[in-house]
Structures are given as structure tokens and as C-alpha cells.
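According to TrEMBL, the feature transmembrane segment maps to 30-57, 69-87, 99-117, 123-144, 156-177, 183-203, 280-299, 329-347, 354-372, 378-401, 413-436, 442-462. The annotation domain 'Major facilitator superfamily (MFS) profile' is assigned in TrEMBL to 32-467.
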């Protein structure tokens, strides 16, 4: 059997993946991709702005290093809550309703945070923004379920590229807006893409795979027929069935699983005998990936601001907004583009697991010299290379994680793993900001080294490779049989 193809032993029936193979990736999927891309740009901008507003607000409101770190951490606290909660909602009530709620929360709280009168209110608004941003895995699952299996890796890389577009765009507008208009205007401008999600929401479809899995085959057929009309192709002949029904018709007595389940039963499935090992290892990898990615973003401003605060300790109180080195932040942000190119080349050739592990270990090597004080140029170069690697692992991980889980728990499984990543993001400011400002750079970089290495080892221990594999509706996961 060719990689990515399905052997349908019952020609009078077909599954959603069979239909997507026939319908192909056309104009309809471009619209779905465009909507998901707008959401990804929005999330990237809301996350990237944290590296700009923190130093400025610290000076204006006379905050300590720990108080500055908390501005970033509260966003991840919100994302920790949101990632799991939105995943449960999406698996129970539908992907479409899930990302509507996330867009509403992110838009309103993001815009309101621009009017924060004090430090406490800013923390509250940014925490609520984090709750909304926690719905990112829902959107990834939704997009994934519209893409034909053979090209899923390629198109998910294209989707992930819009995160980089968002980070570069945020760095660009910060460079222009911050010195002239201030941090409040940056917050206001950064919320504009979220408004776009609400405008186009009425045109977004529900996932046909989710509908079919919940016994709503007629509704799923309506969407598949709409895809065929827009793409200029035809839906396969026969009756649409879920993967579980197809397995039963093919002689496998696997019971049909529906998504109408409570949050606790879903978590129990994630920790079942079949899923517990990949679930726990994914949690470690997500923690390490988020800790490292957001830590490198923060280190760019901390290590290259006035040749570090330790070297300029006596003048730290008089630092101005212009002291944020926008040039270095802009340069290291562009490191995400070669990271995406690496993923595009390796994800469907080398495979998800091996490519991630190698990149983690390379990142570990590049971060090592930062244990010692380096020149500004060397520091920027090392951070650039590290950012290339960690962007590539992050991108691959967001493709790999939802492919592991069956439809019934896909959003929840991806969301719970993402929640562990939010804990990593929550902790990293206290290492990348508080420790570095406290003149403990060696200790901070040592923690990054240990976490990056552990993440690489954990990836290799996950027993499932999803390259060329179809999405599954079954709880029991198996790798594709050998040809």
C-alpha cells in the first residue's frame, strides 16, 4: 500500500479521509487555511508583544524584575486554563463553537488591556487574553481535519509559517509604534487581527470528521458536497461512514466511539494504556519547547539590552524606552523563516520524531556558549541559530501532536499537551528575565541546557511516528503496517 493511501475494502462506503483524498486540496481548503492563518498571526502578535511591553512598563511603573516577569507569566496561566478547557469544549460541542469563544475572549480582553490604568488591571486583562489564546490547538485540529493525508505535513508547515509572519509583523510595528506612540497603542494595534476572526466567522464550516464521528453524517455530507462544488471535484460514490464503522465493516469489531463525553472521561482516555506513554512524553516535550522558545524571545531583549543590566547596573534606573534594542529583536525574529524551511524539507522525508530530536540537540549545542558572557554580536548570532532550531521543533510538534490522537480526544489531547507548554512559558520569565537581571546568567542558561536536552530525549522515546499516516477515529493507536 502506498504511503498516505487507504485500502477501503467496502466500495459501497467511504470515510472522510477517502473523500478528502478524492476532493483534493483546492479553493475551499485555501479559505479554511486563510481563516486559521489569521488566527495564528493574531496569537503570534499577542505573544510577541510581551517582549516589548515588559521592559517599558517596568520603567514607567517602577516594577521589580519579578513583577515584570509576572506580566508574561499571567498570560501563560490563562493559556494553561484555556488550552484544556477549549479542547474539551471543541471535542464535545464542535470545533467551530470552540474557536468562536476563543476569538471573542482574545479580542475583547486584548483591546481592553490597552486601557489598563495600573499594573494590577494589566495583569488581569493579559491573563484573560491568555485564556483566549489557549484555544490555538482547537484551530489546529480544525484545519488538520480538512487536509488530505498525503499533503497534511506540507500544508501544516505553510500554516505554521503564519506564526512567523505574526512575530515579524509585531516586531516591525513595535519598532515603529513604541518610540512614537507608546505601549498602549501597540496593544491596541495588536488586537486588530482578532477582530477579523469575528468578521469572517459566519463563513467558517464545522469539521466534517467531527460531525461524522458524532453520528451527523448528513451534515458532514453537506460540507463535503460544498467542498466538491468549490474545488470542482466529486464526492466518492457510496455511503459516508466513520472510521470505526468502516473498521467494523472490514471485520474489525472495534466499537464506535462518540465525542459526547465529559472532561474527566476524556482525560481518562488520554491516560489509558494505549495513550498514556505518548501523552506523558508529549507533555514533557511541550513544556520544554515552550520554555525554550519563549525564553529565547525574552533573552534577546535581556542579554542585548545595554550589554546586559549587570554591566550597566548603576544606570539601570534611568533606562529609556529607546534602550530596547529593536534591531536585535527584529534580526532574531527572522530566524523563524529558515526554521520553517528546515521543517518543510524534513517533516515528510525524515519524519516528525527524528527531525525534532536532532534539532533539539543542535539547539542545546548553540545555547551552551551563552553560559559565559559573550559579545553582543556573538550573542545575537547564537540566539539566531537557537531560534532557528526551536522554531523548527515547535512547528513540527504542532503538526505531530494532533496526528497522534483519535478524533474523539484530538482537541483535548492536543490541548492538554499545550497546557503543559503553557506551564513552561509561565516559568521561563523567571529564568530568562529575573535570573538574568539578578546577574545569574550562567544558572539561567544552565537550566535552558538541561530542559532542551531532556526534550530531545523525550521525543525519541515517543513510540509513534505519524509521517504519511491518516488521522484516526479509534482510541487504539497503531503505526501503519509495513508495505
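Backbone N, Cα and C define each Cβ position, glycine as well.
Listed by sequence, the residues of this chain that lie at least six past the ends of the transmembrane segment (442-462) yet keep a Cβ under 8 A from its Cβ atoms are 277-278, 281-282, 284-285, 287-289, 291-292, 295, 353-354, 356-358, 360-361, 363-364, 367-368, 370-372, 393, 424, 431-432, 435-436. Of the candidate ranges 123-144, 156-177, 329-347, 378-401, 378-401 contributes the most Cβ pairs within a distance under 8 Å of the transmembrane segment (354-372). For the transmembrane segment (156-177), the partner stretch with the highest count of Cβ pairs under 8 angstroms, out of 99-117, 183-203, 329-347, 378-401, is 329-347. The transmembrane segment (378-401) makes contact with the transmembrane segment (280-299): 3 or more of their CB pairs lie within 8 A, with pairs spaced 6 or more apart in sequence. Within its own chain, the transmembrane segment (183-203) has Cβ neighbours under 8 Å at 31, 35, 38-39, 41-42, 45-46, 49, 52-53, 56-57, 99-100, 103-104, 106-107, 110-111, 113-115, 166, 170, 173-174, 177, counting only residues six or more beyond its boundaries.
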